[in-house]
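Have a look at the structure below before the remarks.
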Amino acid sequence: MVRLPLKCLLWGCFLTAVHPEPPTSCKENQYPTNSRCCNLCPPGQKLVNHCTEVTETECLPCSSSEFLATWNREKHCHQHKYCDPNLGLQVQREGTSKTDTTCVCSEGHHCTNSACESCTLHSLCFPGLGVKQMATEVSDTICEPCPVGFFSNVSSASEKCQPWTSCESKGLVEQRAGTNKTDVVCGFQSRMRALVVIPITLGILFAVLLVFLCIRKVTKEQETKALHPKTERQDPVETIDLEDFPDSTAPVQETLHWCQPVTQEDGKESRISVQERE
């Protein structure tokens, strides 16, 4: 029973000798190794050899296409990011031994994700639609329909809806109304149209005036008849004075129209018409 604790003690001493415990803590920018604290390699350099009892940590600068941004004990530097133009990327800032290359989307493109590993073209607003919000490096174009009085006749990622042209302000007349895709068409007023409209207008005015005069005349005649009623016309009676004629008792020979004598019968009075006497 005494030998078991002794064996455990011996094994503990053996393991401690083979794997010595590192120091409990190292200074800032140091790392523990082989029971000692070694300095970390500064930004822009990579680790070549750990420190020993007689040497310091051995570091080597990164190549021109590599970088390390922090204090480290890395054996290899990181490659600079490649801004692939086929993905719509371009270099915003070249990388150094301490910093990585910064990529941004080229003109007319925006990032497809938060890491901006690739870019895509801005969406276009087609005719009838205008740009409500322009695209940025991380967001796409937002379009909106053109309201009444505005139009857009192009496909664009930057053009807003434009107002219709005011023909009146230019002294012109509207020949064709605008739509959400087309502008108003203005032009000069046609002379031929004026030559047609003017006579028609004058004719209408003349007709109205003529009707007015006729109505006025009829109304005036009716008023006159009402004030002065018309009296019934009587034919004059012709009177004949009998004194101008001889005594009707005297025998008179009657004649006909053809001057032929007519024999008066006894006992009948002679009747001569007023016309024959005249």
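From the backbone N, Cα and C atoms, a Cβ is placed for every residue, glycine too.
The feature signal peptide is assigned by Swiss-Prot to 1-20, with sequence analysis given as support.
Feature annotation from Swiss-Prot assigns topological domain 'Extracellular' to 21-194.
Long-range contacts of the repeat 'TNFR-Cys 1' (25-60) within the same chain: residues 67-77, 96-98, each at least 6 residues beyond the stretch ends and with a Cβ under 8 Å from a Cβ of the stretch. What Swiss-Prot lists as repeat 'TNFR-Cys 1' is 25-60.
The disulfide bond annotation in Swiss-Prot covers C26-C37 (among others). Taking a C-beta cut-off of under 8 Å and a sequence gap of six or more, C26 (disulfide bond) has these contacts in its own chain: P32, C37.
According to its DSSP assignment, C38 (disulfide bond) is in a strand. Other C-beta atoms found within 10 angstroms of the C-beta of C38 (disulfide bond) number 21, with every protein chain shown included. The feature disulfide bond is assigned by Swiss-Prot to C38-C51 (among others), with sequence analysis given as support.
For C41 (disulfide bond), the same-chain residues that are 6 or more apart in sequence and have a Cβ closer than 8 Å to its Cβ are L47, T57, C59, L68, W71, N72, R73, E74. Marked as disulfide bond by Swiss-Prot: C41-C59 (among others).
The repeat 'TNFR-Cys 2' annotation in Swiss-Prot covers 61-103. Within its own chain, the repeat 'TNFR-Cys 2' (61-103) is flanked in space by residues 29, 31, 38, 40-47, 50, 109, 116-121, which lie at least six positions past its ends and keep a Cβ under 8 Å from the stretch.
Per Swiss-Prot, the feature disulfide bond maps to C62-C77 (among others). The secondary structure of C77 (disulfide bond), as reduced to three states from DSSP, is coil rather than helix or strand.
Here Swiss-Prot flags C83-C103 (among others) as disulfide bond, drawing on sequence analysis. C83 (disulfide bond) has a Cβ environment of 19 other Cβ atoms inside 10 Å.
Among the features that Swiss-Prot reports, disulfide bond is placed at C105-C119 (among others), with the record citing sequence analysis. C105 (disulfide bond) falls within a strand segment according to DSSP. Other C-beta atoms found within 10 angstroms of the C-beta of C105 (disulfide bond) number 25, with every protein chain shown included.
Under a cutoff of 8 A between CB atoms, and with a sequence separation of 6+ in the same chain, the neighbours of C116 (disulfide bond) are L89, C103, V104, C105, E137, V138. Here Swiss-Prot flags C111-C116 (among others) as disulfide bond, drawing on sequence analysis.
What Swiss-Prot lists as disulfide bond is C125-C143 (among others). Within 10 Å of the Cβ of C143 (disulfide bond) there are 20 other Cβ atoms, across all protein chains.
Summarising the annotation, Swiss-Prot assigns N-linked glycosylation site to N153 (among others) and lists sequence analysis as the type of evidence. Non-local neighbourhood of N153 (N-linked glycosylation site): P127, K181, T182, D183, each in the same chain, at least six residues away, with C-beta under 8 Å from its C-beta. A coil conformation is recorded for N153 (N-linked glycosylation site) in the three-state DSSP classification, outside any helix or strand.
The secondary structure of N180 (N-linked glycosylation site), as reduced to three states from DSSP, is coil rather than helix or strand. Its Cβ placed at the centre, N180 (N-linked glycosylation site) has 18 other Cβ atoms within 10 Å. The feature N-linked glycosylation site is assigned by Swiss-Prot to N180 (among others).
Annotation comment: Swiss-Prot describes 195-215 as transmembrane segment.
Feature annotation from Swiss-Prot assigns topological domain 'Cytoplasmic' to 216-278; the stated evidence is sequence analysis.
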- Query: Expressed to the nearest Å, what is the distance separating C111 (disulfide bond) and C119 (disulfide bond) at their Cα atoms?
  - Reply: 4
- Query: Should C62 (disulfide bond) be counted as helix, strand, or coil on the basis of DSSP?
  - Reply: coil
- Sort C26 (disulfide bond) into helix, strand or coil using the DSSP assignment. coil
- Between the disulfide-bonded residues C37, C103, C119, C125, the one whose Cβ has the fewest other Cβ atoms within 10 Å is C37
- Mapped DSSP class for C83 (disulfide bond), helix or strand or coil: coil
